[in-house]
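Participant: Here it is, the structure in full.
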Amino acid sequence: MLIKSQRLTLFSPLLSKTRRIPVNSHQTLVAESVITRRTLGAITATPSFHKNPVVIRRRIKLERVTRNCVRIDREIDEEEEEEEKERGDLVKQSIWEQMKEIVKFTGPAMGMWICGPLMSLIDTVVIGQGSSIELAALGPGTVLCDHMSYVFMFLSVATSNMVATSLAKQDKKEAQHQISVLLFIGLVCGLMMLLLTRLFGPWAVTAFTRGKNIEIVPAANKYIQIRGLAWPFILVGLVAQSASLGMKNSWGPLKALAAATIINGLGDTILCLFLGQGIAGAAWATTASQIVSAYMMMDSLNKEGYNAYSFAIPSPQELWKISALAAPVFISIFSKIAFYSFIIYCATSMGTHVLAAHQVMAQTYRMCNVWGEPLSQTAQSFMPEMLYGANRNLPKARTLLKSLMIIGATLGLVLGVIGTAVPGLFPGVYTHDKVIISEMHRLLIPFFMALSALPMTVSLEGTLLAGRDLKFVSSVMSSSFIIGCLTLMFVTRSGYGLLGCWFVLVGFQWGRFGLYLRRLLSPGGILNSDGPSPYTVEKIKSI
């Protein structure tokens, strides 16, 4: 068998002559080069091939490998592009699914929030058809009745959280005990408010008018004395409603409030328009509707398998637990209600017609305001499981906030347009007094600016409450209240009138929006903290 051989030419600057080394075609070139280097020491071997079949085959293999690598790389790029596109589609789909879930959840809740202001708005519309003095008297009347009831929303927060926690532990007995304790607290608070209204109602109305517009004091006092009879029913019904929400039952409370709204509307129509009872008739209609609503709330709770007529005295430890959860929320709500009330307080010194115009715009604003509150409730219901615990998912929480902000911005614009159009284009719905209508039209611009920010602001606030950033929320609200009240005093004394007061309200809303947004977008915010959550199950038992 013949073995073909070739000669390998070696060049070296250390050798004057060229040396040829035979190389068999079936031998490995690399090994031969290693042997040559070992033999010649520092001599470098540089092979020179001329149409070597082995080299040609290796080049062909190299080209094939290169082509395969290029093809595989191209396929990988295409797959990455497809995956990125799919991720984008999933993000869009996730946002869309979340938005649909939000709308489905907030539907019944929105109806519940609307019923209360709707009853006050019905009173405003009906009374406005008769007397301008009684319409102005509704200003301090609604503050001492409706606005004060919102101060007790801390009972609602405590009830829904504590009941939801007990049900999560599948401890129905504990849930029943907590409902009984909170029903007792609601009853005691209601009786105290009834007593305070009876004893200090006339003094409160007189102090609210600051010795001016004395003509509205008798009508306003009559209104709050009648409405005050419903205080125990209002707060007991509030606890029953919140317990149902903690059980994720929103239809029962919605039916109760819808029935109350219908009763209030029929009562106002019969007592005020047909029987001429005026503001007293409106107060009796609202009181009756609230009593019926409380009974239906408790009946709905009984249908869930709980005893809504069981009351239990809380222990000191239970009172401390409730106060620790509810105190920051109480400060926040109290600051907000106090600021709105202070605007009415400033308006009482500007004349009866100005106060009546503010009453109309304030009731319309409050009616539109509650449309955004379910977004806050949604954040408090869906965010906790994403922010801490075993199912912590910060990207999903950020996506949920994005969905809430999209809905909030859209809702704010819609509410701003509709809320401005009704008093602007159809003021006769509220009153036929030309002076009052003129004052209403002056407030349309700040009315739109303040209303458009509300849904987004409450979405951010609800997210912070879900993340248990309670100290920050309460500090923002309390500081905003102080700064806002000082600004209102300056504006009133400087002669800017009711228009200046409403622009202070614009600053109050947009200032809170900016502070909340900055807090959530900060690197150490609850939506951007990649470290372990500081809120463990042991520390937070009311989630």
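Keep in mind that glycine also has a Cβ here, set from the backbone N, Cα and C atoms.
Feature table excerpt (Swiss-Prot):
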- 55-94: coiled coil (COILED)
- 1-30: transit peptide (TRANSIT)
- 107-127: transmembrane segment (TRANSMEM)
- 135-155: transmembrane segment (TRANSMEM)
- 181-201: transmembrane segment (TRANSMEM)
- 228-248: transmembrane segment (TRANSMEM)
- 256-276: transmembrane segment (TRANSMEM)
- 278-298: transmembrane segment (TRANSMEM)
- 319-339: transmembrane segment (TRANSMEM)
- 342-362: transmembrane segment (TRANSMEM)
- 406-426: transmembrane segment (TRANSMEM)
- 443-463: transmembrane segment (TRANSMEM)
- 472-492: transmembrane segment (TRANSMEM)
- 497-517: transmembrane segment (TRANSMEM)
Participant: With a Cβ cut-off under 8 Å, give me the same-chain residues at least six positions beyond the ends of the transmembrane segment (342-362) that come close to it.
Facilitator: 124, 128, 132-133, 135-136, 138-140, 142-143, 208-210, 212-213, 215-216, 423, 430-431, 433, 435-437, 439-440, 443, 447, 484-485, 488-489, 491-492, 497-498, 501-502, 504-505
Participant: Give me the mean pLDDT over the coiled coil (55-94), rounded to a whole number.
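Facilitator: Across the residues of the coiled coil (55-94) the model's pLDDT averages 59 on the 0 to 100 scale.
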Participant: Determine which residues of the chain contact the transmembrane segment (181-201) at the Cβ level, with the cut-off under 8 Å and only residues 6 or more beyond its ends counted.
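Facilitator: Sequence-distant neighbours of the transmembrane segment (181-201): 144, 148, 152, 155, 158-159, 162, 221, 224-225, 228-229, 231-236, 238-240, 243, 308, 310-314, 318, 322.
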Participant: Report, as numbers and ranges, which residues of the same chain sit near the transmembrane segment (256-276): CB under 8 Å and 6 or more residues beyond its ends.
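Facilitator: Long-range Cβ neighbours of the transmembrane segment (256-276): 111-112, 115-116, 118-119, 122-123, 126-127, 129-130, 237, 241, 282, 284-286, 288-290, 292-293, 296-297, 300.
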Participant: Residues of the same chain, at least six outside the transmembrane segment (135-155), with any C-beta under 8 angstroms of its C-beta?
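Facilitator: Sequence-remote neighbours of the transmembrane segment (135-155) are 116-117, 120, 123-124, 127-128, 182, 185-186, 189, 193, 197, 201, 204-205, 208-209, 213, 216-217, 219-220, 223-224, 227-228, 234-235, 238-239, 242, 279, 283, 326-327, 329-330, 333-334, 336-337, 340-341, 344, 347-348, 352-353, 355-356, 358-360, 362-363, 431, 436.
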